[in-house]
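Following: one structure in structure tokens, then a few remarks.
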Ligand SMILES: [Fe+2]
Ligand SMILES: [Fe+2]
């Protein structure tokens, strides 16, 4: 086992494998079309409008201010299952492949990855919680619009890569013509590492922040996967490599493995929630917050107020 201080172990022989070795990749999504098909999806106009608003409004200033506001973690407190249930009424408008409630997507991803990687329980839990940041839609978390919660993510503060979907709408973003932000590196330096890069605001970064603040023991690959799973220009198109460092490249392999399950599990297979719940509840206890002391510090410390946290 590879021991990472305060983190769940990743098995040494657990090498991310090609999905063809286990998971059966379906050829079409729940609508009988290719996945991420932005040209013939029946929900095309909704999806396109969501991206138009995203590309116009996700300026560097908007991201910086919003991230600072949500970093206070002062919106609500709930358990993992309460958050999962809260998501049940939302449909992701940016996604051309799914119009089902989120709980089924979370469980389909987690169960598919569990089948192929039975010993990597951290990966099962990563799949279960990867989209929980979508609670940002809820009034308790500020009722953010779709363009500030879902959709592909990308860096702000440097040029928008051509691979970003619906790139044409960036022309209406004020940063597009700002010389400080519209060069290849913009405000960043070569190999600075994604941790130093400001990404468009959405559910990925938010869930990463919540997990970190709650003292999770999930390994670095899990946190990377949660934080960048919508960063399609990087993990699928291969863009922005010049901003990455060695650790990013190492974690990317796990993210790419995870992505196949995140994407292709969007099908009509229905998971019996009550049947699988005990397994995931045991994982939540084991991996998410094993240090009770941390909880006490959060409760009596000066930041106590109300802090989004994941309860045991
Ligand atoms: Fe997501
Ligand atoms: Fe997802």
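Positions of Cβ are set from backbone N, Cα and C atoms, glycine also.
Note that TrEMBL annotation is computational and uncurated.
Keep in mind that this is a model prediction, so the values were computed, not measured.
Binding of Fe cation is attributed by TrEMBL to 130, 131, 203, 229, 262, and the same site annotation extends, among 105, 167, 270, to 105.
Secondary structure at residue 203 (Fe cation binding site), as computed by DSSP, is helix. Each residue contributes its Cα atom, and for residue 134 (substrate binding site) and residue 229 (Fe cation binding site) those atoms are 13 Å apart. Candidate binding-site residues: 131, 152, 203. Those with a Cβ under 6 Å from ligand 2, in sequence order, are 131. Rounded to a whole number, the distance between the Cα atoms of residue 230 (substrate binding site) and residue 131 (Fe cation binding site) is 10 Å.
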